[in-house]
Amino acid sequence: MAPFPDEVDVFTGPHWRMKQLVGLYCEKLSQTNFSNNNDFRSFLQSLCATFKEFKMHEQIENEYIIGLLQQRSCNVYNVHSDNKLSEMLSLFEKGLRSVKSENEQLNYAQQLKERLEAFTQDFLPHMKEEEEVFQPMLMQYFTYEELKDIKKQVIAQHSSQQRWDCAAEVLKGLSLWSQAEELHKAFKYADHEKTDDELEKELCSTHISQLPTEILLCLFRYLGPEDLCHCGQVCSAWSDLAKTGSLWRHLYPVRWARGDYYRGPPDDVNQEPDEEWVKSLQDEGKAYQEWDEDADVDESDASCEDSLAISAAQREKKLLNGMIQNLLPAVGSSVRSIVLAYSSTVSSKMVRQILSLCPNLTHLDLTQTDVTDSAFDSWSSLWACLSLEHLDLSGCEKLTDRTLKKLSLGLGDLASPTCSEKRSDRRAKLLKSPPSPISLLDKRSLRPTGHSRQVLIFKQWPGKLGSAPCSPTRVWVLDASELADIEDAAEWNRRRGVSTPEVRGFVETQPGGLSCCCRRRRGGFRTGFSTSYWQQQYGLGEAGCGHSTCCTGETALRTLGGLQYESYTTRGSAGAEFRTKCSSGGQLCLECDNRTDPSDGRRSLRFLSLSGCYQVTDLGLRALSQRGGLPLLEHLNLSGCLLITEVGLQELVSACPALNDEHFYYCDNINGPHADTASGCQNLQCGFRVCCRSGE
């Protein structure tokens, strides 16, 4: 029995195997007829395999035991050599290679016996020394758990040798042996002694199927998508391996269908394609759409160019269908980027299936495709595209504000949870401190507010169906400098014994008596002041207030729900702290001044291009500015968006504090934000994108 607990005894198990091998070659040494050439060569082959195992055993001990011990104790140095294993292997190989005649065999046998006896007398005491000297030192310098881990690693390395022996020759032929040594640094030994016939057969032939999974996967990384698909058809094991997620991080179906098998990260995002190349792809799509695959008429006389275009489009469609049906269900969660730019066959249904199968996308390019709003139905739930950083929808002319609303929802919500936490903190503080003064006034006695005061007016609901007639409407007038949440105000009234009116809507009043539009969950009454821009333009009584759409340029509010950045229009002014409405919950909250930059990946969009999406309006831009805005957005291209206005641009830009003016593009006819530093319209004289000046 070992003198140490078996769980932490790192030497006894492997040494038992080594001692067993010593006994086997000593027994064969006494039984081998060295006059017989077959027996002689069989014994030498057996010795080669045995001493390779000895050498690998020593290498494992050096790396996983002695090396670690030397790091803990400076008393251990230069104590573990290979015990002349390399010299013995050279002796065996020389015998197999050079000894031919019977006399040479007999002379060699005498030398071999002497060398083996000398090695045995040295090797057995060496193992005993490790068990009696090094094991106690390990117990002294390592914890019990550390020793358990060391033993597991040692056993695992010994157990992995057999398949490595078979794979060695294949790897050397592929010039990958050095890389394999770095990955494993150990061969696997046989659990049972191999027969001479097995050893001779093993030295003569190897097969790639014997490679470890890790090495096969390393080889597969050098293959293109077409070759990977071919490998997946070899056998079921390779089929599973070819569908490893790390092999399919970046997908380029359009390029692959045309023979370009690039599979690295996406190219330069600012590089526009050549117009001739775009035209050729458009011609392909046109030819494919005009071609009827079910036509009864012989179309064999079609031009060669049309035939090539149709063939390319057919390959693309077949490739897309194959990916959706066979590949993405297995690897979709690992896919990070999909580029479908200028695809002539992709449909909204295909895109919808792709997005539902690839929830962790960071890069999506649908430039100049024929998709509609329904393609993004899978983003209609909160946090559906949480990781998305790059979205290129340039030239997708059928997209409307509905897509942007889905995108805003899928990117997540920065405001909701934070606002809830802030309200809890405020309630605790309010219960400990005296409330701010609140005056209850009759509506008829309310005077217009002056330039020096900003107020919020909370109106009582005039009455419900079937209820008794109400007294004249009363309102709360709160000083903006001490303004708090509506829930806090209700709490104060409860503590003071004042009945709380049933609040259903609120009005924000700006300096000079200008008002904001009425915001409410259900239909209510508009205020007696001027109505909002959007209610005037589109009659949207239920539209949530975007503040800047109905406020003057000097006091436009921001809807940024995450970071402390000054609005473009309020930069340099010392206005009062405004309270805005959380876009998701419909409750009131303070505009948080000390909220930190989101680090959990929510609303992480950095690149957004809507170039040529002429159906997008300010409503879509406002949807993006809600739920915390786009705090990380750096690139925004709205070239060719003909229906957006200065108001909508300001709404979105105020929610994008990281926006780089050099990468901010919009129509030159709009007097929008950052007019002096933004880059203007990119679609001027562009032959394949919408532009208001395309007729010039």
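Positions of Cβ are set from backbone N, Cα and C atoms, glycine also.
The annotation Fe(3+) 1 binding site is assigned in Swiss-Prot to H15, H57, E61, E130 on the grounds of similarity to another entry. E61 (Fe(3+) 1 binding site) carries a helical DSSP state (H, G or I).
Swiss-Prot lists E58, E61, H80, H126, E130 with the feature Fe(3+) 2 binding site.
As annotated by Swiss-Prot, [2Fe-2S] cluster binding site applies to C667, C681, C691, C692, with the evidence given as similarity to another entry. Summarising the environment of C681 ([2Fe-2S] cluster binding site), the number of other Cβ atoms within 10 Å of its Cβ, over all protein chains shown, is 23.
Per Swiss-Prot, domain 'F-box' is recorded for 205-251, and the stated evidence type is sequence analysis. Residue counts for the domain 'F-box' (205-251) under DSSP, split into helix (H, G, I), strand (E, B) and coil, are 29 helix, 2 strand, 16 coil.
Sequence annotations record features per position, and here Swiss-Prot assigns region 'Hemerythrin-like' to 1-159 based on similarity to another entry.
The repeat 'LRR 2' feature in Swiss-Prot is assigned to 368-395. Per-residue pLDDT, averaged over the repeat 'LRR 2' (368-395), rounds to 92.
The repeat 'LRR 3' annotation in Swiss-Prot covers 396-421.
Under the heading repeat 'LRR 4', Swiss-Prot lists 582-612.
The feature repeat 'LRR 6' is assigned by Swiss-Prot to 641-666.
Around H126 (Fe(3+) 2 binding site), taking its Cβ as the centre, 15 other Cβ atoms fall within 10 Å, counting all chains. Non-local contacts of C692 ([2Fe-2S] cluster binding site) by the CB criterion (under 8 A, 6+ apart in sequence, same chain) comprise G640, L642, C667, N669. Distance between Cα atoms for C681 ([2Fe-2S] cluster binding site) and H15 (Fe(3+) 1 binding site): 76 Å, as a whole number. DSSP labels the residues of the repeat 'LRR 6' (641-666) in these numbers: 11 helix, 2 strand, 13 coil.
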